[in-house]
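As annotated by TrEMBL, Mg(2+) binding site applies to E99, D117, I119, D120, D280.
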Amino acid sequence: MPASSAAAAEPTIDYVIQISREAGKLIKEGFHRTKHIDCKVSAADLTACADFVETPLVRFPTGFTEQCVVQVTETDVSVEKFLINTISESFPNHKFLAEESAQDEDVLSSYPTWIIDPIDGTTNFVCTFPQCASCKSHNDDASVSFIDLDFSAIAYAVDKEIKLACIHNPITNESWYASIGEGSYYISPDSSEPVRIQTSGREQLGDALVSLGYNVPLLRSDQKDTERAKRIADAVCKNHRMLMYNSRDIRRVGSAAIDLCYVAMGREDCYFELGIKEWDIAAGLLILSEAGGCYSLLNGEMPEDFLHRRQILACATETLRAEMSSKLEYVDWWEGL
């Protein structure tokens, strides 16, 4: 793997893997340290809390469960800064859309853009639950990049189509990567040799292990908007109940990047979630697709603005996806906003 991609006109898969793993080192260093948590009361507003409750590994802001839409640690911020600075050295003309620094009005432009989520699975990271990743992908009209961390994940897109992706879990030392048209690969903790992966191929919901997600802090923050919050919460409850009676079993991993990798390699057969963002899923979508999987909105639709729709249904096969979409309660995340 080359030490640098500074001279390259475009990012390479080796470069994406390299910086994801370097970011993963920072995540691993912070994993067992006492975490200092701040609150984001909106998608882009980071509010430092003056009062904290101390535990052995975490300093919680008082009342954070009621007031925080998103919690963020100093590791989130430091990893994001590291990635922006590192990428800027190699690609000084590229732009960034990063979770911890993005403003609500920020959108993708025609410029080469890196979309960054410094830790995907911050709650897992805070609680030392070892499912977190770092992800990245790159895009412009001619190219885009996303980063999603918890796992360390990176995706590179051209004309808004993802071409390269890598997801790295620094806690378990697992990696997944894909290049469009070249398949998806997995590197285990015990080997440096990549192994090509495929989905389980399961077609029936009754045989499927299903993972699901729902943005609990964000739903809780919407309590004032009771009609919208109730509509989304009702859909979550109905879908969970449906799976209790129709699936093989249910899981809740807490990292979209990891869930997509797990479906891609057959550890799970299906994953769906409400409330996710572009940086949560960009890298995982290519890895899933190249492993033979498929994805859509919960109702089976695939609009042009799919990444902006705040939901995903990902399955091992099209047959399973069709059955899932016929049974899931669909809700438009943006309705009522």
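Any Cβ shown, glycine's included, is placed from N, Cα and C.
Those TrEMBL annotations? Automatic predictions, nothing curated.
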Of all the binding-site residues here, D117, D280, which one's CB has the most other CB atoms within 10 A?
D117
DSSP-derived class (H/G/I helix, E/B strand, else coil) of D117 (Mg(2+) binding site):
strand
Under DSSP, is D280 (Mg(2+) binding site) part of a helix or a strand, or is it coil?
helix
